[in-house]
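A short write-up of the structure that comes next.
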Amino acid sequence: MKKSVFLGALTVAGLAAGVAAAGTQDDVKARGKLNCGVTTGLVGFAAPDANGVWQGFDVSVCRAVAAAVLGDANAVEFVPTTGKTRFTALASGEIDMLARNTTWTFSRDVDLKFEFVGINYYDGQGFMVPKALGVSSAKELDGATVCIQTGTTTELNLADFFRKNNISYEPVPVETNAEGQQQYLAGACDTYTTDASGLAATRAAFENPADHVILPEIVSKEPLGPLVRHGDNEWADTVRWTLNALIAAEELGVTSANVGEMSMEAGSSPEVNRLLGTEGNLGEMLGLDADWAKKAIMAGGNYGELFEKNIGENTPIGLARGLNAQWTDGGLLYTPPFR
Amino acid sequence: MTALTDPPKESFRLSMLINDTRYRSLTFQAIALLVLISAVAYLASNLMANLAAAGLNISYDFLGDPAGYDINQTLIGYTSQSAHLQAAWVGILNTLLVAFLACITATILGVFAGVMRLSNNWLVRKLMSGYVEIFRNIPVLIWILIIYAIMTVSLPAPNAFRGDSPESTMLLDSFAFTNRGIYIPSPIWGAGSIVVVLTFVASIIGVFAYRRYAKKLLFSTGKLLPMGWPSLAILFVPTILMFFIMGQPITLDYPELKGFNFRGGLKIGAPLIALWVALSVYTGAFIAENVRAGILAVSKGQTEAAAALGLRPGRIMNLVVLPQALRVIIPPLISQYLNITKNSSLAIAVGYADITATLGGITLNQTGRAIECVLLLMLFYLVISLGISAIMNTYNNAVKLKER
């Protein structure tokens, strides 16, 4: 490990540092803090609030993992990453996990040697245009100037979409969502494209959100989820099952309000018992306390609560559950059983 | 009879490597080299071991894969299906373009400001020192962002040109200043245009030949031929004549508002302008100081002697002072050109597709090949910097004071 740190400081990418360390979970416990990579600021998903406290849907995943592993939802060091820096930050060991609107793709999973532990938001790429432009479909965007965050899958989808429809466009590469928003509002580009959830979140921050429309076309599948480094399976399991616990909790009717009571003693539902640690030894298998899932749920609530609180229909972002509803409600959320 | 013989050759002993001054420096250099080599080898093997442990390897195969992304300014053919290598070439040419443009404008600006800073006119002198001090002491990235922000905020969007009574109109119906860039008419090369171009190239050579001849005449006979207007005449008259003889083969393509943007004509994108202007004014301030130092290095007596001969101030500067100042100006000027080239890597801040943005940005990010891309980037900048340095040093040797 010493060798790796020395290298990490000296090589430009420092790609390999930390890889040699076997147990990220042990490192996190020893450090007493989880280093979690998030966006540099996307309201609803990850952004500091007025008090400088990070809030949002992705942030909640970090907090849940920190609560499960360390017992403290606030023991998180949030590391803002851009589309460009996120993978290097994870690969070099600067962060323990990345929860940052990152699309699960083949090459990232296989070639970049990362491990996507699940999907916390099923998304797709959309386009936002000013209403005054009078555009009603993305296919009418021939010749348009498009603001696009560089180094993202959306950048590649954008090229594919315009090529497929045989129309032209001019990209204006931007580094962060804030920069894209600024360029779009200044009229430096006709349309801004990113994940539809990101567009909704961006639009919510506008002065006059009603002046902008999100076009109906969704041009790609963007399964967004947290990821960790390849090869540390214990740590991957911890993050994966923490996310699953949040989703399962909603399915099983465990909320932040009733989790305390339900975990007092074994109830009538065996799966809830196993999840909350009143029965079986799932926590021990992960190398965590028996009530790890309870702590994760207490951190902010189950998946549904997090959704409603951060990005749901009653927030300025106003996203419908849609694909992100439980499988029992016709959505795609489906966790493997806790047994 | 005695024969003179060489003193007996002292045999070499190992301790002489340390004790003998003839060998000592070599010993230490060899040790330093060995230490350096082993340090680099250690780092490299460590890198390889760690990469292998992570299941990664060093491979440049990705350069042949389709890039998949589009670039907004390309000097050569490029589509999203072109290879990453082609994207890298696009970036290299964009880097060279902005560096070349900025070197020229920075030099002009710098020489002007440097000379003006020594002006006897109080206002001009103070204005120029204000320029130098303000621009030199604020980081270039800030200047790039400021100029880009001014452009995007103050200039109208293309849709301001739309409608029956638009908010903005094109200058002379052919120039459009928008927040996405400046659209200007571009030439269409018709049949026979090659003759016109060749004529123009020949004219440029002609101008140099004329000036050389005039200089020679001046030195040999003391007769001063006019330089200004004959140069201009040689430069333009034959070309214009040829243009009409060939039946006006070169026409202009005017930009026109179509759909979302202007189409046709030539677009000089806002990122290029912001980067170009920022690098020029920033480095121009440094060059101004170099020029000022160079001029101050020429003894005042030279100026006074030239003035005593009756030369006008402009001539004194051009014929007496600047030629001598050049030997002081050029070496630091080389560094400034290198700085411009290297600072152009800040292009990504405004979305200009230079090599750092394409190969070192999007390609790196899409392929995840950080080490490979960064090594290539380093190689590129090294080659370019050494190239500029070599060219400028050749020029320096040509103009420096010849000692006979």
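Just so you know, glycine gets a Cβ as well, placed from its N, Cα and C.
Annotated in TrEMBL:
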DOMAIN    B:92-392  domain 'ABC transmembrane type-1'
TRANSMEM  B:26-44  transmembrane segment
TRANSMEM  B:87-113  transmembrane segment
TRANSMEM  B:134-155  transmembrane segment
TRANSMEM  B:188-210  transmembrane segment
TRANSMEM  B:231-248  transmembrane segment
TRANSMEM  B:268-288  transmembrane segment
TRANSMEM  B:374-395  transmembrane segment
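Highlighted: of the candidate stretches B:26-44, B:87-113, B:231-248, B:268-288, B:87-113 has the greatest count of Cβ pairs under 8 Å to the transmembrane segment (B:374-395). Nonlocal intrachain contacts for the transmembrane segment (B:26-44), taken as residues 6+ away from its ends with a CB within less than 8 angstroms of a stretch CB, comprise 17-18. With a cut-off of 8 Å between Cβ atoms, the residues of this chain six or more beyond the transmembrane segment (B:231-248) that come close are 192-193, 195-196, 199-200, 202-204, 206-207, 210-211. Distant neighbours of the transmembrane segment (B:268-288): 72-73, 97-99, 101-102, 105-114, 117, 128, 131-136, 140, 143-144, 146-148, 151-152, 179-184, 333, 336, 339-340, 343-344, 346-347, 350-352; these residues of the same chain sit at least 6 beyond its ends, with a Cβ under 8 Å from one of its Cβ atoms.
Counting same-chain residues at least six beyond the ends of the transmembrane segment (B:134-155), those with a Cβ under 8 angstroms from any Cβ of the stretch are 177-179, 270-271, 273-275, 277-279, 281-286, 289, 343, 346, 349-350.
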